[in-house]
């Protein structure tokens, strides 16, 4: 695994997102599943229970892919990166409306954008030959 | 490959992604001809960033260089003549920075390509001059990941406030930070009205 940027990135991001998803439930007691205004994780990042579940699902997918093969990690990194990039764009347009079912705030956008760029960068840019057998 | 080169190899592409997002958000708040130009540039930057990341090198460097420089010059003239008076300054400056961050390394790539065209001897000599000792794959992978993470944070640090300052970002002000009392102690906490629906856009606590 230590030779594969995709597997390292997927494992690290996956572990962080699973942790963030679990910690999120500590600040969303009494918050509706799709409340547009949630609790603040670490006093900064707004989350609601659906946002926590999304973090857990994404973290789990990244973690499993990172622990399996280069091809899986590369695919999941690219898909999650593209989804986060889309969320980074769409998030600005839906925030402040009832469509903001993930209770997104600006620090969330920052984190999503940074994750999107890093995951998309490693997914598209690293291991273009997908050395599945050697990793 | 030298360590700094390995770490910064993807930065022009990441800058293109950030620039594309900011340009697209600027287009959403602009009208008329500027909207078309900004949207076109934004989509082009996003597409170029993704395709270049995929191919592992800056694609069409001469075209991208010419487009970036022309956009920067046109933008400068438009700002000087008041043609972009309705467009907020911070995102415009950020877009300019992103374009410059794309143009500079791409200019280097274009120069390398021109050297290749001059002949195999010239490019072989240049390769020898820039040759670096072979690096272990694990170290190379770590460097490339660290570079990517640093680049992503830098791009996001510039793109997020720029996006928040666009027309689209400003309409998205009261999201997520103004829940009811007791939910959290966010920046709007003490100054908030406790209703969770504080609409005041001029409240400094709303500035992103």
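Glycine is treated like the rest: Cβ placed from N, Cα and C.
What TrEMBL records for B:121-138 is compositional bias 'Low complexity'.
The compositional bias 'Gly residues' annotation in TrEMBL covers B:179-195.
Residues annotated as region 'Disordered' in TrEMBL: B:113-138 (among others).
The region 'Disordered' annotation in TrEMBL covers B:169-208 (among others).
Residues of the same chain lying 6 or more positions beyond the ends of the transmembrane segment (B:37-53) and with a Cβ under 8 Å from any Cβ of it are 10, 12-17, 19-27, 30, 59-60, 64, 67, 71, 98, 102. The transmembrane segment annotation in TrEMBL covers B:37-53 (among others).
Long-range neighbours of the transmembrane segment (B:65-84) within the same chain, counting only residues 6 or more positions beyond its ends whose Cβ lies under 8 Å from a Cβ of the stretch, are 34, 41, 44, 92, 95-96, 99-100, 102-103, 106-107, 110. Per TrEMBL, transmembrane segment is recorded for B:65-84 (among others).
TrEMBL lists B:90-110 (among others) with the feature transmembrane segment.
Annotation comment: TrEMBL describes B:145-164 (among others) as transmembrane segment. Beyond the transmembrane segment (B:145-164), the same-chain residues lying 6 or more positions past its ends with a Cβ under 8 Å from any Cβ of the stretch are 6-11, 14-15, 17-18, 21-22, 25, 90-91, 93-95, 97-98, 170, 172, 208.
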